[in-house]
Structures are given as structure tokens and as C-alpha cells.
Amino acid sequence: MKTVTEYQNKNVLVLGIAKSGYAAATLLKKLGANVIVNDGKPLAGNVLAAELQAEGMDVVCGGHPLELLERNISLVVKNPGIPYSNPLLVAAKEKQIPIVTEVELAYSISAAPFVGITGSNGKTTTTMLTFEMLKEGQKHPVIAGNIGTVACEVAQLAKENEVVVTELSSFQLMGVESFQPKIAAFLNLFEAHLDYHGTKKEYGLAKANIFKNQTETDYSIINADDADVMALSAYSKGQKVLFSTTKEIEDGAYIKDNALYFKGEKVVKVSDIVLPGKHNLENILAAMSIAKLLGVSNEAITAVLKSFTGVKHRLEYVTTINNRKFYNDSKATNMLATEKALSAFTQPIVLLAGGLDRGNEFDDLIPYFKHVKAIVTFGQTAPKLVRAAEKAGLDVIESVDTLDDAVVKAYAHSTDGDVILLSPACASWDQFKTFEERGDIFIQAVHKLI
């Protein structure tokens, strides 16, 4: 950890606890800050808040009183999930108090450089691929953020010869002040999180903050096939390295003659890649670009791609029952992810979809229903998905109350050789705590069929 003095004797407000808030508060206290912790949940039953209070921190729970800002606050470190429309944050902004997230704090103390990966879809897979390629290439990666350990905890232990690889959401990137990843990858942009950002434009600008502080000594990995990402890459002053699955990129990564190339050099044959789905070729090209820029050999990259079968809840193969293959794609929390999942198969598909209603319709899915023989919907968005399926002319359309019921119905509508796919196209929070919980319940329901 770098020697950092900027927080000493400063009054810092940590807004929202959870894992990242707890880690941020603990680190700030270690760095000599006067830490005030605020959480919307009541103190009763709030285990993390009670622990911080026991460590001598000032903990205020049960709401977000504006009076907290009267304590000469120098900095607000906020939980990524708390929107900037929160009255306390609005007031802090009016007072010109800097507002950051835990990742910014982690970067400020890290002795190791950062690789940051963002995009609407594919972040986790690309992050894991990058980590595995760097590990195979003996580049000493450590993984942080939404997967792995909280960034603050990783940064405290990271050494100069290591690389911090982190997946970054738009919520985290909105709080960028000085965060400067050595390599920043922007995978794609799709209309998502409009309940948080308001418009796709604002969502894209938040993502583009990953480039905000890059200089000509840094690298920006850009999806050349995504017009929105290409436009937002104008915010980068780093060296741009493009990747494409549709055309050759002279100074970037591309596919040619059934092989993946980087800057004109053949790296790996497509036939050596075991991870399914055309969309995953985009993720692989991005991860490969990062690995090559950091000096990983073609042999190490190939070794990873010959064995990497994917990330849990991302088009995860579950089992085969009576020649029906079940796949868990619970991480598909928006339409683009489901479009890519549907495009990964040529067999007839029985689709399970539905979840939290964020205000969007599902007509964009209609062109991807060509292999879908039946759909079973659940959750808040079930009626909207039914309307889209009717427009697509599907013959078999069902709505049920629970995911368990959806699995039973999906199996009943399947025949020999079908794929039964959970790819919800929606967030999970209407019925589940997380997409991971949703995926686990799907897997349990599938095994009950055996």
C-alpha cells in the first residue's frame, strides 16, 4: 500500500454500508480519517454497522439526515447502489463536497496498476478471462470489485509487481475523480439502468468515465463494432486498441480464417476455444488484447481458452435430462444479454424469462425468437414478455408465479434435442435478492426433475 496522508484528520462520510462501505470505513480509519458512517437501515439487526460502531466510529442509521453535512465533511464515499438523486448527495454536490465510490479510494492507495473493465454485458466473463490469462502468463494478477474481494481490501495488499483486475459498473464509474487505469476496456453499451441514470446518454457518459484520467501512456480497449462505444472513446486520451468480430483491425484484435489475431499476429484458433457463444468471442478479443499488451504469450492465452468454460450464471451448462440440455443464464439482466444467449444456440429453445420491471418493453427480443419454440414468463415483466411473444407469433406462451413452476412448465413443453434456457432479460430484485440466488434456485428446480 502506498503511503497516503490526504485523509488524515479529515471528516469523511461513508454513505451506505454493505461490503464496500464497511471496507471503505475501515480503511479510512486506518488512514487517520474521522469517519462518520451513515446507513438507511435501522441499527437494530445491522451487523456491519454495529461492528463499525464497536470500533469507535460515529454511526448514524435509519435514514440520511442532511445535518450530517454540517460536520465539516471533506469527502463522501458512497455505496454504488445509492443514486445521486438521494437528497443528501444532492446537498453535498451543492456544497461542492467531492463524492466518490470505494474503487476511487482503493486506487488512491494501491501500489499496483489497475486494469478496469466496463460495459453493459460481458464484464464478468472478460474480467475472469483477463485474470486467468495474466495468471497463466505469470503477470501476478489480483481480482477485485464486483467479483472477488472488495477493491479497498485488495489494494491494501497489492504489490508493485502485481496487477489489479476489476470489473466496473456505471454506478462505480460515476464517482471517478482521479482513478486512472493503466488499461481500460469498454465492451459494449446497451440501454440499461434507466431507473438510475435516466437516459442511455447519461448511462454511457457514466461508463466513459473509465477513460477520464487516462493519458498517452495508458491503453483504451474499444469495441469497434459498437457505434456508441466508438463515439464515447473520444473521451480517452490513451492509446486506443480496437477489437472486432466483423472486420480486420490493423493495430487491434480481430478474427480471420477461423483464428484470433492481435496486431497481425495469429494468437489462437477458434477451434481451440471451448467457451460457447459468438458474443463470447468479443469478450475473448478484449481479454486477449489486455493480456497481449501486458506481455502474455500466445501459448498462455491458448492454454486458458482451451479450458475456460465460463462463469457461473453466465450461459452455464447445468445438466441434460432425457436429451434436453439446461442452461443457466441468470446474469442476463437486460435484453442485450438475452439476445446474445438466444443467438448462441441453433437447437429449438424453451425460454424462461421475466423479473423486475424497469419500464422497458421487450419488442427488441422479437428478431431473436427464431429458434424459440416456447416461452414461460414469470415476475413483474411477465405480461410485457407475453405481448412480445405474441407479436413474434410463438405458439406456446405461458405465465407462472414462480421460477420453480416455470422450470416444470418449460420441461413439459420441451421435446428430445431441445435447449431449456433461463435467460431472464430482467434484474432479479422483484423475487430474489440477487441474480446468483435466482440462478441457484433454477439449478435446484432442474435437479428436482431428475
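Cβ atoms here come from the backbone N, Cα and C positions, even for glycine.
Quick look at what Swiss-Prot lists:
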- G119, S120, N121, G122, K123, T124, T125: ATP binding site (BINDING)
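Listed in sequence order, the residues I117, T126, E167, L187, N188, N283, A337 complete the 8 Å Cβ shell around the ATP site centroid, once G119, S120, N121, G122, K123, T124, T125 themselves are left out. Summary: among the binding-site residues (S120, N121, T124, T125), the fewest other C-beta atoms within 10 A of the C-beta are counted at T124. Around the Cβ of K123 (ATP binding site), the same chain contributes I117, N146, E167, L168, S169, L187, each under 8 angstroms and 6 or more positions distant in sequence. Over all protein chains present, the Cβ of G122 (ATP binding site) has 28 other Cβ atoms lying within 10 Å. DSSP gives N121 (ATP binding site) a coil state; it is part of no helix or strand.
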